[in-house]
Structure formats: C-alpha cells, structure tokens
C-alpha cells in the first residue's frame, strides 16, 4: 500500500495542562486549511482536540510525514517544533489504528470508560468531512472506530459503574429507591459537586430538585439550569420533609444537619425513608443521623470505596475490551492490505470488459443492426459473464493475500496471467520451445504449464 496511517499526538499522560493548553487546536475546530493542509505527502487528515488530548490522524506517504505535521502544528500555535517534540507520541500503521480504537473505546481516557471521548471523536470526524480532508482510508478507519467502541460498550461493562463522587452518590440513591421518578431531591450547597450531582439526578429521572444555598442568587442560578426550585437557606428544615434524597456539599466548618433536626423531619414525614449523602469535607451532616430509623447516610469515604471498587471492576473489564480492540485491529489490517489488490482487480475487470465490448461490436457487425433493448440485453449479459468469470479468481487472490505474507507474489502472478501490463508476446521462434516452469505461489491451480 502506497499510503500509511499516522497518529501524532499528546495527551494527559505525556503533557501537563499548561503544555496541553499551549498546543491545543480547539480554536480552529479540528483544522483550518492553513494549519494542516493537504499536500507534502499528506492526503487525508482529521484533528481531535480536547482538554486532555490533541491527536492528528493522517493518511500519507513518506517517512517525513510526522515531522511535517509536527512543524505545521507547532507553527499554528506560534511555537518552535522542538518545544512540542518532547511531549509527542507517534503511532504508525496498525499501531496507529489500534491506538485510535483504544481511544474511541475510552480505554486511554483519564477516567476509564467515560463516554465523552466518543462524541468528541465524532465531532472531529464530522468537521473533517465538512472540510473535505478525508478519503477512503480515514473514512473507513473512523467508522470502524465507532463500531469498535459500540462493541466494547455492548460486550463489556467497562462503562457501567460510577467512577466519580457525584455519580456514585446518585447511583447509591438509585439502589435505595429504584425508579427515581416519584422522588424529590435537595442539594445543599451550589458548587461544582452539587452541579454534577444535579446532572446525574436529572438523568435518572428524579421528580424535582430543590437547591438550598447560603447565597440565594447562586442557588437560584443552579436551580434554573435544572428546572428546579431555589429555597432560602433559613427555610432548609421547613422544606426538608418534602424531599427523599439530600446531597450536601457546603464546605461549612461545622455540621449543617444534626440528628435532632432530622428526628423532627422524620415525624413530619411519617417515618418515610430518607437518603443523605454528605460529600463535604469537613462533613455537613452529623454522623449520628445514621443511627435514626429509616435514614441512610453515606459520607465521602463511603463513596470513595464505591468508586474504587467500580474502578477495579472497570479495569477487569478493560482487559476484555483490549482483546476486542486487538481483534478488530487485525480485521482492519486485512482490509488495509487488501487495498493493494484494488488496482489489479480494477485492471482485470477493465481488460475483460474491453475484450467483451470488442467482441460485441464484432458480433453486431456480423449479424447486423439490432434494436436498443436487444443491445442493452447483450451488454448486460456480457457484464454478468465478466463478473462471474472473475469472481473465483478475485476471491482466491483476496484469501491468499490476507492469509500469507508473500501477497505481492499473487498480485504479480495475476498481472502476468492476464497481461495487465501489456507485456509483449513471445516471439514466434520461441512458441514451440518448452518453457521453464514458473515459480507459482503455493496453492495456485495448474502447477504444470506446457
């Protein structure tokens, strides 16, 4: 194959956040024509740029492609290539394909199994297609990457369990209550953790979200994001009987909720169960609350145990996912190698079609004019014959080429056998001379040729 796949990139493992910011390409959404132009050995390009990685996927010719990309990338950010080089990795050929499949399956993410990377890859591909910078190779590779990612999520549990504190908190609530659409939740505090928890609660279908925050305006802002209701912090215990799930993350120096407060709340709730999740440090909720009947209290240490247990489970599932990635990389590699066959297959069909057309014209001259429908029927018949004659030889070529390292020998033999390169015929004097046996590839029919 005259073209090769390269991936040139950096990520959260090879570069800290300052370096990633310096060389990010998010400002030019995948690429503008001036950043990584086609040409100079580059025939296809896609750029993925996120907060945790920049990866430039290229199909091109020549050993200098990575250096060309590196220079263009650095120049686009107003930096010298040597400033970028220490942080960059380069994958080539099937190693590049396997790397992409690994990334798409979220096996290379900072949080193993997180789903965002697949969407980011799809956005990068969509942008490249819109800019007309992809062709057969990268198009096929990206679609295969999406298929591999789907297979990994379907056949493994690599993304099935909570690995963030906020997500784990909501997952615990779901275990207690089951379906969440009949239950109401209250967030005490309106910081980042509360915002993440609200997102997960909403995704789980919780009936309503209340937000209690010392700064009412901030609570109101968060509540509006999730179609919830902000309440004054002073009204906290007045409104608590209405809710079933409480997630607290105020960062206060003393407990915000004490056991005696919850006893009164439970009486007003007629002892219906309540679920408290304290993700604040120092803790917002007095641990004695957990001694009350029909109350479930978890603090951040409990959640960390859940997260670590789930991460361990994800790591086990990642081993299965990597086996899928390796298998699919081999499949893609066979397709990639089969591209070498395409010119020969096209030439075989072209030569046979040309001969068929010549013979059709001879026949028509001999039998005289025919009507248009008859001529179309004859042409369709000849095309069908050409396809059927070539079906078995082409299947044979593909099988041998995929299965054996010496695939080029089969291409060479097919080209000689069908004289696709228009080599001159043997002179008349040599026609009756016994020919030496050609060095046919193993498995070819007709080992003896007179």
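Cβ from N, Cα, C; glycine included.
The substrate binding site annotation in Swiss-Prot covers 50, 51, 52, 53, 109, 114, 115, 116, 120 and is backed by sequence analysis. The active site, nucleophile feature in Swiss-Prot is assigned to 51. Residues annotated as site 'Important for activity' in Swiss-Prot, with sequence analysis given as evidence: 99. As annotated by Swiss-Prot, NADP(+) binding site applies to 189, 190, 191, 192, 193, 194, with the evidence given as sequence analysis. Feature annotation from Swiss-Prot assigns region 'Disordered' to 422-450.
Overlay of Swiss-Prot feature records on the structure.
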residue	record	contacts (Cβ under 8 Å, 6+ apart)
51	active site, nucleophile	17, 20, 24
52	substrate binding site	11, 12, 20, 109, 110
99	site 'Important for activity'	7, 91, 108
115	substrate binding site	106, 159
120	substrate binding site	48, 50
190	NADP(+) binding site	211, 213, 215, 218, 219, 221, 222
191	NADP(+) binding site	249, 251
193	NADP(+) binding site	165, 166, 249, 279
List of residues, in chain order, with Cβ under 8 A from that of residue 189 (NADP(+) binding site) and at least 6 apart: 212, 213, 248, 249, 250, 251, 280, 284
Additional residues around substrate, ordered along the sequence, whose Cβ is within 8 Å of the centroid of 50, 51, 52, 53, 109, 114, 115, 116, 120: 106, 110, 117
Remaining residues near the recorded NADP(+) site, that is with C-beta within 8 Å of the centroid of the site residues 189, 190, 191, 192, 193, 194: 187, 195, 196, 197, 222, 249
Same chain, 6+ residues apart, C-beta under 8 Å of the C-beta of residue 194 (NADP(+) binding site), given in sequence order: 187, 188, 211, 222, 247, 249
Farthest-apart CA atoms of 50, 51, 52, 53, 109, 114, 115, 116, 120, residues recorded for substrate, distance in Å: 15
Count of other CB atoms lying within 10 Å of the CB belonging to residue 109 (substrate binding site): 20
DSSP-derived class (H/G/I helix, E/B strand, else coil) of the residue listed as 'active site, nucleophile': coil
Site of maximum Cβ density within 10 Å, from binding-site residues 50, 192: 50
Assigned conformation of residue 189 (NADP(+) binding site) - DSSP reduced to three states: coil
Secondary-structure category, per DSSP, in which residue 194 (NADP(+) binding site) falls: helix
